[in-house]
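Novice: I am attaching a structure below and will ask some questions about it afterwards.
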Amino acid sequence: MDATTSGTPTIQYHNIPDQSGTAIAAASVPTFPRQVRHCFGDSSPGEFPLAANPSIVLHVLTACNLDPRDLAKLEAKLAALDICQKRAIFKPMTDEECQNLKRKCGGSWKLALRFLLAGEACCRREKSQAIAGPAHSIAVTSTGVVYSFGSNTSGQLGHGTMEEEWRPQQIRSLQGIRIIQAAAGAGRTMLVSDAGRVYAFGKDSFGEAEFGVQGTKLVATPQLIESLRDIFVVQTAIGNFFTAVLSREGRVYTFSWGKDRKLGHQTEPNDVEPQPLLGALEDVPIVQIAAGYCYLLCLACQPSGMSVYSVGCGLGGKLGHGSRMDEKHPRLIEQFRLLNLQPMVVATGAWHAAVVARDGRVCTWGWGRYGCLGHGNEECESVPKVVEALSKVKAVHVATGDYTTFVLSEDGDVYSFGCGESASLGHNTAAEGQGNRHANVLSPELVKSLKQVKEKVVQISLTNSIHWNAHTFALTESGKLYAFGAGDKGQLGVELMNNQTERVNPERVDIDLE
């Protein structure tokens, strides 16, 4: 290539005086062993942590006479790559896997970083979290230690027994394994480690666990799911008829419920092999999955922005496409584009769904029974609709259950609406002289009882099952966990007295998740 036309500075050469061969031979030239130097410590050749070599980065940015626009692009690229390399799920990736992720995200490290950060924000990945399952509960500390309590009829607490636990107990068999995400279904628990491994216990089933079609074998201690050994998993979600997992690269896999191609593939109900969810999602990176009773939502992160795909049963309009038709393959929900809304978090109740947008707006759709959509009525909505009653609230998180919805604001306030059964909404109206504490709430109301904890709430979790009374967890910024709602099986982590079956006001659970 001609250097004069390449657009780069030419290299200056200097003449070296000729020396005779005899003179060279006569000179005493010592020999040295060849040394191979790595870029950084004992790292393999090619590994080059930018943060550990600031002088070289500084030289490139300041001494190469780059155009200001190119300089800004290079700075952003280097910074994005450096931050990517610090993410826990990125570190173990090979060079080829890193490049494939970059390509799938749109071809730049900035887009790859947005993908990684979006996934962490949606699921509290690598942060403390609490899961209010159907009659049993899971709590994960910020260091990945797991506690469980509540109903244990199927061994879903993971302690090697079938006995209920009314207080949080650490799952000892997981010592040395850091858990970054948890999911709880009826009689079943699944945990994801920072190494991408998935552990399951309780009913040995990937679907229809509540009806006993599967799960005749019970597993009382965490067992590695062998069929997922070759997939680096970062999230799992348990529906009623199926289980879904999300890979590090943003691909969705499902187990069970493939009969009649309800999830885009044809398998038997007892199939234990993961099936990729293809169709429209074949080359679309997904950052979060959410499983409802009989449907699945997938939050996608593409160069054009964030979007949501749905698949499964369309009863009640919960797929968001303007009809009640089933979708056997993932389909893009178009309504968000019409609303000029960028989805950032998705949540699925048994029969309704919700989204929080980048600008803090909240959308709900599906079956509106008991007012769970927050629109002031009990009507169904077959496409996402903005909750106008929250127009002055900037939401950052949403949680859904069986006809119940909670919204968490940027300043830590919590709003709830929907079915008031089991006192799981947190509105103790009876104590305030306003009537039935189990009353349904058709529009969002501030959960005043959580204001009494005098700490910012960062996560809400509530039971998502139509067969069990609901309970709710509120996790604060300092790692304190508060519980209310149904507690007859010990799922609140506190023992109820005098034949009580529920707790109306939030009570501190004796566990520190930080």
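Each Cβ is built from the backbone N, Cα and C atoms, and glycine gets one as well.
Annotations for this protein, taken from TrEMBL, read as follows:
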DOMAIN    128-462  domain 'RCC1-like'
REPEAT    144-195  repeat 'RCC1'
REPEAT    196-249  repeat 'RCC1'
REPEAT    250-302  repeat 'RCC1'
REPEAT    306-359  repeat 'RCC1'
REPEAT    360-411  repeat 'RCC1'
REPEAT    412-478  repeat 'RCC1'
REPEAT    479-514  repeat 'RCC1'
Novice: Report the DSSP secondary-structure composition of the repeat 'RCC1' (306-359) as helix, strand and coil residue counts.
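Specialist: When I sort the residues of the repeat 'RCC1' (306-359) into the three classes, I find 7 helix, 25 strand, 22 coil.
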Novice: Going by DSSP assignments with H, G and I as helix and E and B as strand, what are the residue counts for the repeat 'RCC1' (144-195)?
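Specialist: Here the numbers are 3 helix, 24 strand, 25 coil.
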Novice: Could you tell me whether the repeat 'RCC1' (306-359) and the repeat 'RCC1' (479-514) are in contact, taking contact to mean 3+ Cβ pairs under 8 Å with a sequence separation of 6 or more?
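Specialist: These two segments do not touch.
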Novice: The repeat 'RCC1' (144-195): mean pLDDT?
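Specialist: Across the residues of the repeat 'RCC1' (144-195) the model's pLDDT averages 95 on the 0 to 100 scale.
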Novice: When DSSP states are grouped into helix, strand and coil, how many residues of the repeat 'RCC1' (479-514) land in each?
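Specialist: Counting residues per DSSP class in the repeat 'RCC1' (479-514), I get 0 helix, 18 strand, 18 coil.
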